Amino acid sequence: MGSNPTPSASVLYMDLSFILKRVKGITLNSKEVKKGYLFFAIKGTRFDGHNFIREAEERGAYAVVVERPVSSKVPVIIVEDTRKALGKSAHEFFGKPSERLNVIGITGTNGKTTTTHLIEKILLEAGEKTGLIGTIYYRLGEKILGSGRTTPDQITWHRTLKEFYELGAKNVVAEISSHALDQYRVYPTRFEAVLFTNLSQDHLDYHKTMEDYFASKAKLFTEYESKVKIINADDTYGKRLLKITHGEIITYGKKGDLKILNFRTDFRGSALRIAFKGKEYEFSTNLIGDFQAYNLSAAIAYALWKGIEPDLIQRALKCVNVPGRFEVVHSDKFTVIIDYAHTPDAVENVLRTARKLSKGKLISVFGAGGNRDREKRPLMGKAAEKYSDLIILTSDNPRDEEPEKIIEDILDGISEKDKVIIEADRRKAIKKAIDMAKEGDMVAILGKGHEDYQEIKGVKYPFSDAQVVKEILGGDGCIGKD
Ligand code: ADP
């Protein structure tokens, strides 16, 4: 209807562009409202922003954006979907930064962090300033702009893109989680490229079913604009995605447009041979693990599509540092690796690789996060049992749950119970594994990767697997890094 907002309580349906020119700021947190701000009421899983209208008003909101009628002293703007409206507004409010950058979005259950780092490395090698948004941090080169959720909320997303742009970035490569897609946190970004790695069981506490999980991931390919879509054609869900998406598509995999011809991985690194558009290429890297064939292929597919010279890509991939992703932190008589794997599929992948690389026994140390997807716990136990000679079950981030209860859930999936030692104290569990390791063995510490805290009953205590290993064994823990 486009009528002017009045200071009295009124319900208006209007184009938000009009009001965005007049507000001082936008927020979805009623506590952050300042005079002249536009407040967006978002209905989350725990809280509903519609219950905080009074607080927003009291703090001086210029107007509030809602999905259902509320009574208020300030103008009320009703929209169909406040999350989408917030995305659109943040995009506009921060000057449409995604349109001035090449934004590359990567989604999938596993491989997002690794693939973002690979693409970042290639673009940096090509001399282009590139920002990175993901699980570990939001950073531009050495400069860390922040960290938080894998994919930030709408405001942080568009504001961070703006910051990257103002700092001279040409590209931003970002992990896009399924939660983020479901909640339209990156809406309405225009991507240069979107990539799909794979889909396996995770986050079923949130998504309930695999179908729902897949539907969220698929949104990046069906509801967002992008110049090219790069999809793993060896993955069952990747194949399904191919049926519902349009535009320029490049597949990778054993029979993909980018064809994986050969992949070898050993303790020192990996070598990949691929064919693309009638030519063959070889790449070598310090990264280890069978699954790296896919992460490398995804990144290479993007780079070749973009026209980056193959020898430059080869140079870039030689040495890549992805913290906490099959990170070798000790290698002497025996080897210790740290990995972020916290899903059954990821545990399976890491330990399969570790099994192959270990010349002696494989000792795995892990737990599972509290307050989250319980169904995955026995499956993680099962995957670990398949490859480990010894399993030390411990705590991950127990959050509000009892660590012993989580350990029992994992134990349910393990049939050979005599393979298992239970030590709920993570530090002691790591120490135990290291004390038991003999020449040629491999110790795999899983679940937390780069994290520098352990979350117990609402408190984040400082804790780093790498640091603990360093304290026990000494050394600088710096193998396989550039
Ligand atoms: P994400 O950011 O999607 O969680 P990461 O790149 O951090 O993915 O990898 C997490 C863990 O998942 C790795 O340490 C490894 O164990 C496993 N992993 C990585 N890439 C893949 C892949 N392409 N397929 C299966 N597992 C993978």
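Using N, Cα and C of the backbone, Cβ positions are placed for all residues, glycine too.
Counting only same-chain residues six or more apart in sequence, the Cβ atoms lying under 8 angstroms from the Cβ of THR113 (ATP binding site) belong to GLY134, THR135, ILE136, GLU175, VAL322, ARG325, TYR340. Classification of THR113 (ATP binding site) by DSSP places it within a helix. Positions annotated as ATP binding site by Swiss-Prot: GLY108, THR109, ASN110, GLY111, LYS112, THR113, THR114.
Swiss-Prot lists LYS217 with the feature N6-carboxylysine. Following the DSSP three-state reduction, the secondary structure of LYS217 (N6-carboxylysine) is helix. Counting only residues at least six positions away in the same chain, the Cβ atoms of THR107, GLY108, SER178, LEU181, PHE196, LEU199, TYR237, LEU241 sit under 8 Å from the Cβ of LYS217 (N6-carboxylysine).
Around GLY447 (meso-2,6-diaminopimelate binding site), the C-beta neighbours below 8 angstroms that are at least 6 residues distant in the chain are ASP339, TYR340, ALA341, HIS342, PHE366, GLY367, ALA368, GLY369, ASP396. As annotated by Swiss-Prot, meso-2,6-diaminopimelate binding site applies to ARG372, ASP396, ASN397, PRO398, ARG399, GLY447, GLU451, with the evidence given as sequence analysis.
Nonlocal intrachain contacts for the motif 'Meso-diaminopimelate recognition motif' (396-399), taken as residues 6+ away from its ends with a CB within less than 8 angstroms of a stretch CB, comprise 342, 366-372, 406, 426, 447-448, 451, 454-458. Annotation source Swiss-Prot lists motif 'Meso-diaminopimelate recognition motif' at 396-399.
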Among LYS112, LYS217, ASN397, the recorded positions whose C-beta sits under 6 Å from ligand 1: LYS112
Minimum Cα separation from ARG372 (meso-2,6-diaminopimelate binding site), reported as the residue among binding-site residues THR109, GLY111, LYS112 that achieves it: THR109
Near-site residues: meso-2,6-diaminopimelate, ref ARG372, ASP396, ASN397, PRO398, ARG399, GLY447, GLU451, CB cutoff 8 A to centroid: HIS342, GLY367, ALA368, GLY369, GLY370, SER395, LYS448, GLN454, GLU455
GLY111 (ATP binding site): tally of other CB atoms within 10 A of its CB: 27
THR114 (ATP binding site) versus GLU451 (meso-2,6-diaminopimelate binding site) - Cα distance in angstrom: 15
Secondary structure content, the motif 'Meso-diaminopimelate recognition motif' (396-399) (per DSSP, counts of residues): 0 helix, 1 strand, 3 coil
Cα separation, ASN110 (ATP binding site) to ARG399 (meso-2,6-diaminopimelate binding site) (Å, whole number): 23
Local Cβ density at LYS112 (ATP binding site) - other Cβ atoms counted within 10 Å: 25
